[in-house]
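Heads up, the thing below is written out as structure tokens.
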There are 2 protein chains.
Amino acid sequence: MLIKNIDLVPIDGKNEVIKNTNIYIKDNIITHIGEIREDIQVERVIDGKNKIAMPGLINAHTHIGMSLLRNFADDLPLHDWLTKKIWPTEANLRGEDVYWGSLLSMVEMIQGGTTAFCDMYFFMDEVGKGLEESGMRGVLTRGLIEDNDAKAKLKETKELFNNWNSKANGRIKVMVAPHAPYTCSPDFLIESFNLAKELNTGIHIHLSETKKEIEDSFKLYGKSPIKHVYDLGILDLHTIAAHCVHVDDEDIEIIKEKNVFPVNNPGSNFKLASGFAPVAQMLNKGVSVALGTDGSSSNNNLNMFEEINLAAIINKAVNLNAISVPAISALEMATVNGAKALGWNEEIGSIEVGKKADIVLIDIDKPHLYPHHNIISSLAYSVQASDVDTVLVDGKIIMEKREVKTLDVEKIKFMAEKHAKDLITR
Amino acid sequence: MLIKNIDLVPIDGKNEVIKNTNIYIKDNIITHIGEIREDIQVERVIDGKNKIAMPGLINAHTHIGMSLLRNFADDLPLHDWLTKKIWPTEANLRGEDVYWGSLLSMVEMIQGGTTAFCDMYFFMDEVGKGLEESGMRGVLTRGLIEDNDAKAKLKETKELFNNWNSKANGRIKVMVAPHAPYTCSPDFLIESFNLAKELNTGIHIHLSETKKEIEDSFKLYGKSPIKHVYDLGILDLHTIAAHCVHVDDEDIEIIKEKNVFPVNNPGSNFKLASGFAPVAQMLNKGVSVALGTDGSSSNNNLNMFEEINLAAIINKAVNLNAISVPAISALEMATVNGAKALGWNEEIGSIEVGKKADIVLIDIDKPHLYPHHNIISSLAYSVQASDVDTVLVDGKIIMEKREVKTLDVEKIKFMAEKHAKDLITR
């Protein structure tokens with residue numbers, strides 16, 4: 001395949017735009033970037049006129065099945081939101097609900113330029129089925145809240161790994177997801193760690209999301225949640241740490257020392273009144289901070305361009321510094337840093353020869369994107385999810401001219417609405 | 001005209017959605033909302049299936065000519081941004097640049113559901129021409145920075161008033177715009193005030209945007225910018241006060257006492273590292289806070305749904321309170337409060353019988369808007385500018401199925417790009 005005459009933002013460590021270039025793809029690999037090569041046979045040509053090519057966005061922390069509860073409960077205190085609305089409703093969830101909710105989320109993510117995600121939920125076999133169909137790339141993790149079924153959930157995780165890890169041409173990966181230090185005892189955290197070690201995979205966990213969580217951790221363990229899991233040895237494995245909002249200098253030192261991958265979820269952290277993560281401080285210390293949407297019932301969407309924009313503007317106000325988290329850094333958070341978090345940095349996250357072709361084309365022929373001064377600024381400050389025109393994952397076109405090729409969008413909208421209405425009246 | 005079978009969010013003081021209703025419009029006035037009326041003759045019917053009707057959004061503070069500098073200079077310290085990039089380039093601006101830049105902004109605003117705006121810039125005759133063509137509603141103000149040409153600028157304002165106030169079927173209004181207390185001496189502020197009084201119109205001014213401005217005001221006048229203009233008597237007229245980021249309790253008391261209309265510009269305030277305005281505190285004290293985008297070179301767009309979303313989520317994080325500025329309040333800021341700020345609250349801002357038909361239809365048949373639980377939450381937390389399907393201003397359809405009817409979008413994109421490129425190399 002050839003994408004010709006395109007302006008390319010490779011996100012390859014440099015703050016640069018390669019004007020009017022050509023991208024060759026063979027099977028799922030980017031084989032050449034630059035001049036037209038007469039010696040390469042091409043089956044399919046995509047015209048890059050008025051388009052920007054950039055790496056597919058990586059949503060490094062989400063709960064995609066929760067889309068069925070989007071705009072179901074808002075403007076409530078956090079405790080009431082969880083205990084009166086979300087948890088009682090989630091208790092009634094069935095596998096089929098999660099299947100259709102997850103597909104709805106995948107359609108939304110594809111339409112917004114997201115090509116890979118890291119999900120934590122339950123009925124994860126259903127998510128695996130949907131993920132395979134969608135053509136996206138993803139990390140599946142079964143959220144482990146310790147209760148009477150804790151052993152069964154660990155067994156489920158192992159089965160999930162055996163069923164789905166490395167499947168779909170390597171587009172699917174499975175990790176172990178102890179939910180959080182406040183929902184898992186030290187013993188259960190260690191059991192989860194041992195399972196991840198046995199499976200030779202990573203950990204996906206919520207860490208230091210709210211002030212209350214920090215206070216409770218100090219009361220119970222005399223230390224922060226991050227110091228707590230560090231002392232337990234949990235961070236010795238590859239760790240995706242969602243949120244990291246309330247982290248102090250010692251926490252950041254630990255994150256750096258253990259090469260933890262924090263995932264910033266600005267939209268959700270603001271909406272749930274959790275607070276402002278010290279993103280600039282972590283980036284400045286060389287920590288690879290990724291970006292995520294969290295679930296769409298606390299956001300309320302899965303729009304990575306919105307999160308990029310939030311990351312790029314909010315940290316300036318928080319730090320009273322107009323150069324804090326510049327455009328390119330916010331874009332790196334959503335691409336290369338996401339790839340590192342998901343353990344896929346050799347494969348995806350940037351557009352370079354040898355990498356897999358997870359590529360998004362942005363249509364810049366829109367009034368709100370004129371004039372065409374600085375494309376990197378435009379991607380962080382002006383581009384909308386709806387400007388995504390074409391999406392490739394693993395060398396395959398999964399959306400073209402905004403038409404999703406892999407999924408039946410009308411059926412998914414209908415089934416998601418049906419299951420959502422059924423769920424809340426069940 | 002009849003908009004039939006539509007779900008209506010009237011924003012009429014109640015947090016409500018009227019399901020499956022019908023809106024009748026005669027000339028530019030909403031004449032009936034409710035059951036189908038066989039006795040009313042209808043020329044044109046719009047089908048409301050899968051759509052939401054809401055009042056047109058009101059962008060209460062912007063500089064629309066600045067779109068030519070969108071994504072031209074970003075990630076710079078504020079002082080360098082202004083003195084090295086924006087001001088030297090603006091010094092080369094010509095009337096024709098402002099005409100095309102303003103039209104580009106109007107296309108963007110229409111496509112994002114904005115029906116009225118309050119602009120502060122120069123070459124305002126050009127903006128008036130564009131505004132008349134666009135079919136939008138707007139307040140024109142000639143920004144008055146005191147310099148050697150200050151007298152001429154006051155004269156220009158008077159001419160602008162005579163040329164444009166009440167024109168275009170009342171869609172255009174002119175106010176007087178002393179730029180800010182830090183760019184205008186007390187004498188010049190009073191001269192501006194006297195002109196506004198003579199013309200029987202209002203004032204549009206920047207107040208308390210940055211920390212530096214407050215510090216300088218205390219050094220120079222021994223009081224805050226708001227106390228300063230209050231003591232000068234400026235606030236005795238209808239006043240649109242852009243920003244109001246750094247306001248203390250006394251300032252808020254003044255705002256309340258003088259019925260000042262603060263305009264919150266979250267996107268710009270964050271990007272320029274100005275800080276967080278105490279929106280919830282002002283709203284709780286009964287102040288009518290409106291919403292704006294500021295210019296698109298400090299945002300970088302004119303997307304009111306983005307500002308609504310920011311207002312609804314950020315104040316929760318700032319106040320560590322998940323019920324701070326709920327969805328309906330953010331929507332009110334962008335509609336009824338905007339109408340009050342622009343002095344048009346009798347005419348627009350809500351969908352009620354007797355008001356002018358400035359109405360926006362949102363297409364909710366989009367994956368990111370499913371399921372359809374709470375429409376008001378959806379409008380604040382999930383809807384995107386690109387979901388705006390149809391726009392009516394003054395009873396006329398100015399966009400239908402995303403096609404702008406009043407302006408030549410292709411020509412405007414071309415001319416804006418041309419003038420932008422010419423401007424920065426002039």
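Here the Cβ of each residue, glycine as well, is placed from N, Cα and C on the backbone.
Worth saying up front: this structure is predicted, and the values here are computed from it rather than measured.
TrEMBL lists A:HIS61, A:HIS63, A:ASP294 as Zn(2+)-binding residues, and of the candidates A:HIS206, A:HIS373 the one it assigns to that same site is A:HIS206. DSSP assigns A:GLU90 (substrate binding site) to a helix in the three-state reduction. The closest partner of A:ARG142 (substrate binding site) among the binding-site residues, by CA position, is A:HIS63; the full candidate set was A:HIS61, A:HIS63, A:ASP294. Relative to A:HIS179 (substrate binding site), the binding-site residues A:HIS61, A:HIS63, A:ASP294 all have Cα atoms farther than 10 Å away. Under 8 Å, Cβ to Cβ, and six or more positions away along its own chain, A:HIS61 (Zn(2+) binding site) finds A:CYS118, A:MET120, A:HIS204, A:ILE240, A:ALA242, A:HIS243, A:VAL263, A:ASN265, A:ALA290, A:GLY292, A:THR293, A:ASP294. Within 10 Å of the Cβ of A:GLU209 (substrate binding site) there are 24 other Cβ atoms, across all protein chains. Of all Cβ atoms in the shown protein chains, 20 besides its own fall within 10 Å of the Cβ of A:GLU90 (substrate binding site). Mapped onto three states, the DSSP output places A:HIS61 (Zn(2+) binding site) in strand. Between the binding-site residues A:HIS63, A:HIS179, the minimum number of other C-beta atoms within 10 Å of a residue's C-beta occurs at A:HIS179. A:ARG142 (substrate binding site) carries a strand DSSP state (E or B). Non-local neighbourhood of A:HIS206 (Zn(2+) binding site): A:HIS179, A:ALA180, A:ALA241, A:ALA242, A:HIS243, each in the same chain, at least six residues away, with C-beta under 8 Å from its C-beta.
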